[in-house]
Each structure stands twice: as C-alpha cells, then as structure tokens.
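A short write-up of the structure that comes next.
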Amino acid sequence: MTRTKQWPIMVTLAVALVALVVNIPLIGALLTSFKPDGAITSHPLSIPVPGTLQHYANVLYAAGYDFPLFFENSAIIAFGTVVLTTLISVPAAYAIVRLKLGGQWLLNAVAAMRLLPAMFFVLPFFVMLTNVGLLDTVWGMIVVDTFLNLPIAMVILARGVADVPIEIEEAARMDGASSYGILVTMIVPLLAPSIAAAALITFLFTWNDYIFAIIITTSAARTVTVGVSQFVTSYGILWGDVSAGVVLSVIIPIVFAIFGQRYLVSGLASGSVKG
Amino acid sequence: MNGFDFSMRASRTIAAAGVLGAVAFSVTPSVADAQTTVRMVLWPGPEGDAMQKVVRAYNNGQGKTDGISVDMVLLSRDDTFAKETTEIATRSSNVDIYFTATYNIGFFAQGLEPIDDIGIDKSKYFSAAIKGLTIDGKLYGVPLDVSNHFLYYRTDLVNRLLKDESWKKSYRDIARKVLGEARDPKKPSEWTADDYLATAAFFSRSENPDSPTRYGTALQAKTSPFNITLWDDLLWGLGGSWTGKDGKAALTSDAAHKAMSIYRTIYEKHYTSPDASQWEYGETNAALQSGSAAFAMQWSAAYADLTSKDKSPQIYDKIAVAPEPGDPHRTHVHTLAISLNKQSRHKDAARKWMAYLATPKAMTAYAQAGGIPSQPAVLKDNVKSNAAFAKIAENVRKYGYSLPTFTGTFQAMQSITEDLSSAWVGVDATDDALSKANDKLQSLLDR
Amino acid sequence: MGAVSAEGFPMPMRQSATSARWVLSAPLLVFLAVFAVFPLALGTWISLTDRSILSFSINFVGLKNYADTLRDPDFWHAVFFTLKFTLISTFATLVLGFLLALLVHRRFPGKTLLVTALIMPIMVAPALMGIMFRLVLNAEIGLVPAILDRFGIAIHLFSPHLVVPLLILLEILQWTPFTFLILYAGLQALPDDVFEAAALDGSSPLRTTFMITIPLMVPSFFVAGFLRAVDALRTFDVIFVLTGGGPGSLTNTLSIYIYKKAFTEGNFGLATAAAMLVLLMVVPLIPFLIRRVTTRVGDVP
C-alpha cells in the first residue's frame, strides 16, 4: 500500500533472501544438472563452468526414454483436468453457496474426499479404469486428477463466491435476470481471480501427481514426473539426470504461473471485490 | 470377487474403444504387421539398460521370425513392485511379464504361471538362483541378474596400514580400546567382523585424529528392506542366520547380538557419518567417491561406478574388493528374474521370449550390455566386459547364502529392517529390537 | 433451506432458482455419481474383506480390519506423528506465509520477478522434491552441508534426534510459498479505505495488523489452513523418499503406514481400512472448517 516508503531496497533484499532459501532444492538441481558425474560427487559448491549438457541429452533422448511424449501427456492431462475441474466447480460452487443447494452438505462431502489417503483409491481406480478401457490413457488420468482436485477447486471457488457482494445479485434478480444469466454475466467476471487461482493450483497439483500416474499409466500415458523418477535406478540415483529432469519439469508450470500471476495475485482468496 | 468378471465382459466394447485411443497415443509400431506384442516390466538401472539392448536385438532379429515384439516398461525401483502388486491383486492382464526376484517370488506367486514347460536348462544357472525361484517344486521365473555384496576398500589406505609402523602401532592401541585386545591389521580378505570394526575405528577421526578419512566406513542404516541384507552378512559371518536348524526364527542368537553391537558401535562412535541413519546404496557410493570413508560393505553392482574414472575421479584407481568380513566370509545372494503373468493374454508369445532369454546367447549379449547374468559359464566367458564377473562368480559360489523363500520374505526384510535399524542408530534398545523382529519373523514363517 | 434463501424473491424467480441449482450442480453430481461412487464403494467394500495379494479367495470379514488397525500400536504411532507434523507445519506455514505476505504487500524493486521466484517450490513435484532434498542435504556431496561447513557449522541433519524437526522444516520450506500465495491474495482483496481510516486515526502499523488486518483475513486463513492441513495429513512423498518412515518407524506418516500395508504386505483390506479410519477421525472437523470458508467477511458464522 501507500504507507511504507522506507528502504524499498531492503524489502527487495529480504524477499530475495527468502526466495533463495525456499528454492535451495531447485538451485541445487540447476547447478547439478550441468556438472559432469565426477564433479557431482567431489565438488558440491563448484559452479559448473564450462558445464556439460549430457544430463539434458540423457533426459531428452539419449537414455532411450520418450520424454517429448511424457511432456505432451503431462500437458494434455494438466490442461484437460483444469478445463474439466473448472467447468464442474464454478457452477456447482455458485449453486451451493448462493442457491443453497443442500445447505453445505455437498460441499462438506466433496471437501472430505481429499481427506482419504491416496492409497485408498489406488485399487478402486485401477479396477474401474481397467473395466472401462481407460487404463494407461490420458483420459483416465484426467478423470482421476479431476476427482483428486475437485475438493481444492470447490473450496477456493466457494470462498470466492461468498465474497461476491450479494447486493449486486439481488438487484439483478429484481430486474428479472435468471440464475444462469447472473452466473455468466456477473459472477464469473467477478470470480475470475478465484477461477485463475483454482486453475493454477489444479494445474500444478495435476502436473505433480505421482502415485496415480505410477499406477494408472504404463507407457502410453506416462507423465513427466514418472519419467524423471526413472533416473532413480535399482542401484542409486543418477543425480545429474534427475536434476536435469527436475529443471525441465518445472519450465511449463513456471510459464503457466507467469501468465496466471496477474489474475492469481489479485484474487486467490476471492478478490477483485473491494469494499 | 467374481463380480468384476461380468463388468469386464460388459465393458469390452468400451474397452476396445479405449485401446484404440491408447494406440493413438503410443509410439509402438503399427498394428498391421500381425505381431504379438509382449509387454514386460523391468526396473531402470544396469539391468534395464542391458535388457533394453537385448530387447532391441530380439525385436530386430529373432522376434521377426517368432512374430513377437517385446515392449519393455521401466519404473523406478520402489514403484516397480508397488505397481506389480496392484496389477496382480486386481488380476490385471495389462502386462504379460513381471519383474520379480528371489526375495518376492513367494509374495507374487499367486499371480504367476509356473514356467517349467518352456524348457530352460536349469544346470546352466547358479543353483541358488533356481532354488530361490522354485516354490513347491515349480519354477516361477527365468533368472536374470545375480546380486551379491563385496567389501570395497581403498587400497592406498589399507596398504599403508599394513606397512607403516606408526600406523600399525596406533591400530593396535585402537584395537585394544575397541575390542579389548590388541591385534595387528590384516588384509581385508582375512577380516573377521572384529577386524572390520577395529579398522573402521582406526580410519575414523573420532577415534584417530590423524586418520586420512573422516569416517572408517559407511553403513546403510536407512529403513529400506534391502539394507537388512548387508547386516545379514555380518550375522551369517558370525555363524548366525534368520532361522535356526529347527526352521524357527533365530534373531535372538548370540551372533545376532554381536552383529547388532558392531553396527551400533560403528554408528554411535561415529565410525560412520551420523547421517548414515538415512543412507542406502547411493549415499554409500557418495561417501566412498568423495573420499570421506575408507571402506564399506556394498552391492556388487557398484563396482562399475566406483572404478570408473568419469564417475569416481578421486578414487577410481584406488578401489579394490574383498569378500565380506566374517569367519567364514558370507554374502547375501539374490537373483532377479522375469515371471509370467497368470492372466496374460499372450502366454505363448511370452514363453517364447522367455525361452530365448534363457539361452547362453541371449545372456552373453546381456552380460556384454552391462547385466550380471546368473549363468556362471557366461560370467566366466565375459570377464573382458566386466572385471567384477570373476569375483562375483567366485563369491557367489564360495560364500553365497540365500534368504529363505516363503510368502513373507520381502515383508520380513522390511519389518526386520524397521525394527533393527532403530537399534542400529541408538533409538531403541538392541534386546527389544531383536526380540520384536524375531517375533514378527516367526509369525510370518507360521503364516 | 430453499425457502429461506429464496425469501423475498418473486414467485417465478424462486422456482427458477430451485431448478437452476440442480442444473448448475448437475456436472458435479454426475461426475461424482459416475467416478466417485464406484471407487468409494469398492474401497469401502475392500476394507471389509481380507483381500490380499497372497490369496485370491476374498472373504467378507466385517470390521475385523478396522479392529486390527485400531489395535496396532504402529498405527497409533503414525496417527500421532502425522498429527504433530500437520499441526506444527500448518501453523508455521500460516504464520510465515502471512508475514511474508505483509512484507511483499508494498512497492519494491523487482517485485514481479521475486513473487514468481517465491512460488516456484510449489511447482516441483513432491516426489522429485524429496530426491532433490536427498541430494542438497547429503553430508558428503550436498550443497547445504558444504555451505554450513564453510561457516564452521558441522551438523548432521539426518541424525535420529534431528530428523523429525528436519522433516517438519522441509515441509514448511516447500509449502510456505503456498500459504503466502493465498494470504497475499487475500490481503490484496481487503478494502483500502479501512486502512486509510486507521492511518488517519494514527493507529500504529502493529495495531492495525492485529486489530484490522488479521480479523478481516480470517476466511483466508481458513482457506489456506484447510488446504494445507488436508494435504499435510496425507504427506507421503518427501518423507518416504528421505527416510522411508525410519529410523525404525519413527517417521511413519499415516500414508506411509498405509502404503506399507498395501504394497509391502499386499494386504489391501488392512490398507483401505486404515485409510477409512483416517477419514473418520478427521471428518467431524469438516463442517466446522467449511462453514468458515464460505462465510463473508464480518458475518458471524
């Protein structure tokens, strides 16, 4: 806000320090990914100049894994999940919070699904997707990830809807607008920041899913996260290759976050609605 | 739960659509050329890398004649067995060939088809490999890699210890302190458990401020089921075993107490890094590679990395192997294998491929690609590809022992590690840990 | 319920709202009916059977798996460890995330770049984050011990008495960016005029924070706290990769306990029963939390 003008550069330094600390694992990955194997085990603090690109080559093609396919799968699964989750949760959040569908019972039930440890669903999802022929397909993963992320999206959007001033809606009703019209023309625009926030979090959590990607996919729908874990071998971890894989795996989420940041930061908790 | 069968049938049409979808996404060759695709699970690492080459050769060669194309799927180490457990428990036909090992073949056996009818020549294998994959007289897997342990040590340090008079004197003092009796340093190939402990103390700064290394050794004390097998070598080398002559659990024996006290002493006196409570294979290699530890009990597969100039620039020319410490020396041996899924829809094709893999020709290609096949003749003929082959063959034959094969072998590895590792690192009392582990082992044996 | 909310609307409007609420939630209800009912039902059924990889004859065993789990001291150990882990890490990430949000909530050079940098840890899959922690914290080859060593600090992060605090610290490091994000957004959504009025009244920044900002932020705290707590309760990847639940069973979370039941013992009946018990233990808190999440600022819940 307006109040604090003292020492803005100190704020920059303080925030940069925090950013540095929380990103130590990524910084470690970045440094390690350019080091030859010998340097990884002997010089933890060295700066890799000149660096090797061998680890990136291993990840992308040299080790015999089809990473372009893994990236394609991860992207399709993450975007598909975001679209499906958004289409389901925006109208439902409005119906529950504003149209009082079932009191809060439905929202409670959806939120509670996130409390069940993932292992509960491993066998049931495997059986279900096998029977409908969706095992090892991106569609199967989209269904599973939508299921897993609906509780989060619903909670964020329910919060967002609750913050939309009810007066606006009442005025529109007096003018004869239908619930659908209100949702589309008034709620959704005001809710945009919350939708962006829910979408980003859904995207990240889907991109980062591991246990279900292991169980549901075999080869055709394999994702980046599972692909990188292939460098955790029977005998030890290929530090350089895993590091390169980690660096590559965050590029798409970072791009997504940079584009989404404007919406996101202006409204995770709901809010373009001021006063 | 036969309920699944009806839904299975009812959904076949949908399934067909799904399969079409899957094919659209997959990169496998077109469906037109009437080949049967056999899907096989393996884990990444030297085994997966070597198998990749054998698979490629087969698909481009004899596979064409057989009308078979092999599709290999790799998952990370822990996930491989988790996924296979899910698939077997749901009686899935998703893959045709599972990756197994002597320690979990009993666990998976319900979902596997015996393969006595593929006609492999059992005499070509280490007898322990065949025995470990046989349940109730039926063979459940084609053996692939044999795995054992060595004592890896730094030749520069140990040779100096054997020659340098002032080091020898200091060694005697430390041995008196640690073991209660002065003794001279010995060659690693002659080490007993006591020599292992005394030398670990000698090369640790906590006991010997002049030690060139910070720690004598590197323990793998993490709660990982594979780590118990290294401790087992000490136990067996002291005359102990998981079970006694009567077949009952014997983890409260004197040998077990002694083996526990060696591990605990090494940990508590800082003859290994305090972080070793979370160490396994990779960290042990790192401790040797960075020059912080003088020797360690470690898997045979580490030989390639530790003697590679690229991967271990500081120590590659100063590393040698000896049998595991003990009197007699003993080493854990297990064999990795591939097994036929009972639910496979391509059993005939899978059998053909498995029979091919059992031939010395295929195993020679496997050995030259970096695998460690469990056919002694192949190891002997391919010493050129891997200098460790001769030592592996010798150690497996002379000192090898196998864990008993029963349904709970892997579960016992996990649960014994869980109980004992907390005592190795001083969290729980040794007596309690041993008797707890013993009870659990007995209940698994009784099952 | 419907009558209360529709009070005051003209008659046709009320009917329209009634049908609209069903139409608008139809996608959710259909999705749940198709994709949630079956897994939930099958999972619950499995928890009542002796389904295991060791035998294909599956028998109904009633509540035996639940009773066995409740009698298992390892289960209770995992419950208490997980609760401790969840409470401490959730509380700490809320406090730190809020402080960070207060710090960032002003103009300073490089803000856009730094905010992106701050949220980068959320973009690394926890399974991979665990592996990277194993690398950077490794005493022999890791970045962190090497840096500490330069400053003469010899600390063994993984020794048994430090490993629990270490795991909690790592959780906080990875997820403070997440709570920061939610709380920062909540902070920006607050009405400016309240703060301007407070500033005119000569209220000190500290007093403004406690008397105005925090009360207005309560719903955001509940959103962030809820989302963090449910995921902390399910924590698996980082701890499994780093400690495997050890030494011994010291750092077994509930998810690791369940994982071992399912995949090491092959006992899916026990694993699903334990998972169900986790749900049953925490589910009474849900209505309490959700009510606060959906309450408007200033309303009494």
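Even glycines carry a Cβ here, placed using N, Cα and C.
Keep in mind the model is a prediction, meaning the values are calculated, not measured.
According to TrEMBL, the domain 'ABC transmembrane type-1' annotation covers A:71-260.
Sequence annotations record features per position, and here TrEMBL assigns transmembrane segment to A:7-31 (among others).
Positions annotated as transmembrane segment by TrEMBL: A:75-97 (among others). Beyond the transmembrane segment (A:75-97), the same-chain residues lying 6 or more positions past its ends with a Cβ under 8 Å from any Cβ of the stretch are 104, 106-107, 138-139, 141-142, 145-146, 149-150, 153-154, 157-158, 160-162, 183, 187-188, 191, 195, 198-199, 202-203, 206-207, 221, 223, 252.
When Cβ-Cβ distances below 8 Å are used as the criterion, the transmembrane segment (A:109-132) is approached by residues 140, 143-144, 147-148, 150-152, 154-155, 211-212, 215-216 of the same chain, each at least six residues removed from its ends. Look at TrEMBL and you will find A:109-132 (among others) tagged as transmembrane segment.
According to TrEMBL, the transmembrane segment annotation covers A:179-204 (among others).
The annotation transmembrane segment is assigned in TrEMBL to A:210-232 (among others).
TrEMBL lists A:244-265 (among others) with the feature transmembrane segment.
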Tally Cβ pairs under 8 Å between the transmembrane segment (A:179-204) and each listed stretch (A:7-31, A:210-232, A:244-265), then give the stretch with the top tally. A:244-265
Hey, which bits of the same chain come close to the transmembrane segment (A:244-265), Cβ under 8 Å, at least six residues off its ends? 26, 29-30, 33, 55-56, 58-60, 67, 71, 74-75, 192-193, 195-197, 199-200, 203-204, 207, 224-225, 227-228, 231
